[in-house]
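Engineer: Here you go, one structure.
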Amino acid sequence: MLGNGVRHNLTGYLVVLSGLFMMADLYLIFMVAPTDAVLGHVQRVFYFHVPVAIMSFLAFFLVFLASIAYLVRRDGKWDRIAHSCAEVGVVFVTLALLTGIIWGKPLWNTWWTWEPRLTTTLILWLIYVSYLMIRSYASNQQQAARYSAVVGIVGFVDVPIVYYSVIWWRSIHPSPVVGPFAQANALEPIMWWILLFSFVTFLIFFSYLVAERTALRNSEDRLRGMRLVLRRAGR
């Protein structure tokens with residue numbers, strides 16, 4: 001009971017913080033951030049696109065770690081964490097694709113082009129949608145956990161490929177603004193600060209979603225255990 005109380009308090013704080021930070025972030029993006037001379041107001045999508053893309057990378061990295069932990073320890077809690085992070089990761093990579101399409105339309109004059117960054121991101125989306133489908137259609141919980149853990153580990157290989165795609169191949173996608181290959185003067189100082197605030201905002205929101213989904217998975221696991229006990233008692 002104490003653990004549940006602490007969890008509810010934590011998720012409550014996270015959802016309040018998410019709301020407050022999101023409102024402040026929207027104000028900074030639409031009222032403070034300078035308007036791009038070329039793209040105009042469409043460039044403001046950038047402050048959403050980059051953070052949600054990074055959050056999807058973080059989610060799939062956690063899936064990778066939790067999947068390894070599950071295969072080594074065979075502890076169901078790691079499988080539940082991996083499952084929760086995969087669900088949240090699919091949401092964020094979907095948002096990354098959508099915001100990227102909106103941001104790129106004025107630049108490329110098309111909603112979609114098979115350039116390396118978009119293509120590898122779409123592959124990433126397909127990998128983790130497949131992860132969730134495996135969990136839905138596996139014959140039992142243990143099989144779902146094992147098979148999806150393998151996909152979660154192997155699928156993570158695409159994450160660095162997505163990042164380095166604009167370095168390795170000829171691409172019309174803008175150069176990275178974060179990471180080891182980021183351009184030194186890619187953004188004005190005020191734009192950097194607003195982008196950093198957006199990162200913090202989406203990290204809080206990401207933490208809330210993962211905490212909620214993990215709690216739901218834990219509740220489902222306890223319910224399955226209770227049903228199994230009742231079924232055995234009725235024999």
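The backbone N, Cα and C atoms fix where each Cβ goes, and this holds for glycine too.
Quantities reported herein were computed from a predicted structural model and do not represent experimental measurements.
Pulled these from TrEMBL:
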type	residues	note
DOMAIN	20-172	domain 'Cytochrome c assembly protein'
TRANSMEM	12-33	transmembrane segment
TRANSMEM	45-72	transmembrane segment
TRANSMEM	84-104	transmembrane segment
TRANSMEM	116-134	transmembrane segment
TRANSMEM	146-170	transmembrane segment
TRANSMEM	190-211	transmembrane segment
Engineer: Mind checking which residues of the chain, 6+ beyond the ends of the transmembrane segment (116-134), have their Cβ under 8 Å from one of its Cβ atoms?
Structural biologist: 53, 56, 60, 63, 86-87, 89-90, 93-94, 96-97, 100, 104, 144, 147-148, 151-152, 155, 158-159, 161-162, 165-166, 168-171, 173
Engineer: Mean pLDDT over the domain 'Cytochrome c assembly protein' (20-172): what is the value?
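Structural biologist: On average, pLDDT over the domain 'Cytochrome c assembly protein' (20-172) sits at 92.
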